[in-house]
Amino acid sequence: MFLKENYIRLKYYIEKYKWWFIGGITSSVIFDSSSLVIPWILKLSIESLKNNLELKSVTTYALLIISIALAGTIFRIISRYLLFGASRYLENDIREDLFSHLQKQSPSFYQNRKTGDIISRATNDLTTVRMFIGFGTLTIISTGFTFVFAMIAMAALSLKLTLLSLLPYPVIFFVVKKVTPKMFKISKLVQEQLGDISSKVQENMSGIQVIKSYVQEENEKNSFLKMNREYLKSKMKIVTMMGTLFPLMGTLGGIGTLIILWQGGRMVVSNEISLGDFVAFNGYLALLIWPSIALGWIFALIQRGLASFERICEILREEPKIADNNETIELETLSGNIGIKNLSFSYPEDRNGNGSPVEALKNINLNISEGESIAIVGRTGSGKSTLAKLLLRLFEVEKEKIFIDGIDITKLSLNTLRKSVGYVPQESFLFNTTISENVAYADETENSEKLKQASDIAELSKDVDGFPEGFSTMIGERGVNLSGGQKQRICLARSIISPASIFIFDDPISSVDADTEKDILKNLKQIIGSKTTIFITHRIQSIKNSDRIVVMENGEIREIGTHEELLALNGIYYELYNQQLIMQELEEVA
């Protein structure tokens, strides 16, 4: 079902280019009017031949018809330029609004949707909407205007023949009414299946190394073929409907034409209608052939367009779960005092609405002073990364649970909060551009000295110097041309170059060797020693010199203290530390 609010949204976009549409529709009406005048001129020319067989008279009417046709062609070109141009601009505006809206969404939004489906909505669905708005508007106006005024002209010539020509139309309207809901439903299903196919292709391209490593090419191909055949099956339903509608409309229109030729011919012979009137009547009837045939195509285009716009509106209707409000506080910078009070957090149910919320954090209480260096350690799944994401409000936090500089982070503007935090996530993500553009991603000044300094701190410069194009080297999709350690160091340099007062490093150098790790940690201490730092890692050797170490287990803080204090407790930290010492000794022996 196409919702009322979707009509309102569509109206909003159309009104932005109303003069384009008005100009295009007016030009289309002028062109159609010129087409409607020509049969009447033919009637006059034939009637004039009865009394005057001079060549001059025939030439005059011929030149008049040519002039009207040429003028009509000019207005036809104008109408297409304006309506198709408006639809292109409208498509551009919707795409920009859609992308802007997607940028505002929180990570949970993307966890509940397939990437390929979102891409499909922003590309395939938008193309269908553009066709519906541009070509659809032109065809609806043109066929509607032509149909109405051709009928009026036909009625003026012969009401009897006009009524006979209308005989097929009740059947046409009945068929359209029956097929409309089915076409909308199937059109929406087709677009959804196309989104699933896009997701499958995107997933396979991203995971091609895993697929090949496990020799799963055949299984992936079969899975894709199954999805593609389902899509084909649905698409063929539309083809069947349209393949039935077009010939049906044409056949019904043809039946009407045959009836008119048979009855009209008899009326000419019996002098009930003049030859000129009959020729003009058939001229108008010929103008109705395309509207009759196009009715099925227009109907299908409208249903596909509305279904696609509904899919786009589904995203635009989704309000960001994390956003600024009237109480938002905008600040230039934050000092870095962090307070966490009785913080608990659960991940919501999955994208299909199945399962129950998964508890990730329980009653977290922690105070971090400005400039303090805090390390967070714990086994996999203990809640370390979740805590880091909540500090950035990548997931929504309850009010009065996390404070920075004494201000509830739910009251801080997202711009203030996130610009004040230099964050390196656990998963390294790089853009398909140059190394320099990736490192300087958060630096609006594009300062080459800052770029070099950040790269030196991350021990990246040596690697970059080994590339033929240096910092101008293209890294490929998701950094495919780089090693895991190089990716991590680019991400680390990216955070260092940002104007942050708080740094959160979530296992940022897990893929680098021990010697490089020591150099990076030494460099980091020199450059961000006065800033609040949270270092999440599983390598205890990396964080022994932190001001305090927080040990997490099953979403709770179990131990807090310095390296020496925690070892003295003989608890979780002591156990983790000894396990790593044993592993280190085994590696050295090997």
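Positions of Cβ are set from backbone N, Cα and C atoms, glycine also.
Nobody curates TrEMBL annotations by hand; they come from automatic prediction.
Keep in mind the model is a prediction, meaning the values are calculated, not measured.
Taken from TrEMBL, the feature domain 'ABC transmembrane type-1' covers 22-304. As annotated by TrEMBL, domain 'ABC transporter' applies to 338-579. According to TrEMBL, the feature transmembrane segment maps to 20-41, 61-78, 131-153, 159-176, 238-261, 281-302.
With a cut-off of 8 Å between Cβ atoms, the residues of this chain six or more beyond the transmembrane segment (159-176) that come close are 151, 245, 248-249, 252-253, 255-256, 259-260, 263-264, 267, 273, 281, 285, 288, 292, 295-296, 299. Same-chain residues lying 6+ beyond the ends of the transmembrane segment (238-261) with a Cβ under 8 Å from its Cβ atoms: 161, 164-169, 171-172, 175, 179, 182-183, 186-187, 190, 281-282, 285, 288-289, 292-297, 299-300, 304. If you average pLDDT over the domain 'ABC transporter' (338-579) in this model, you get 85.
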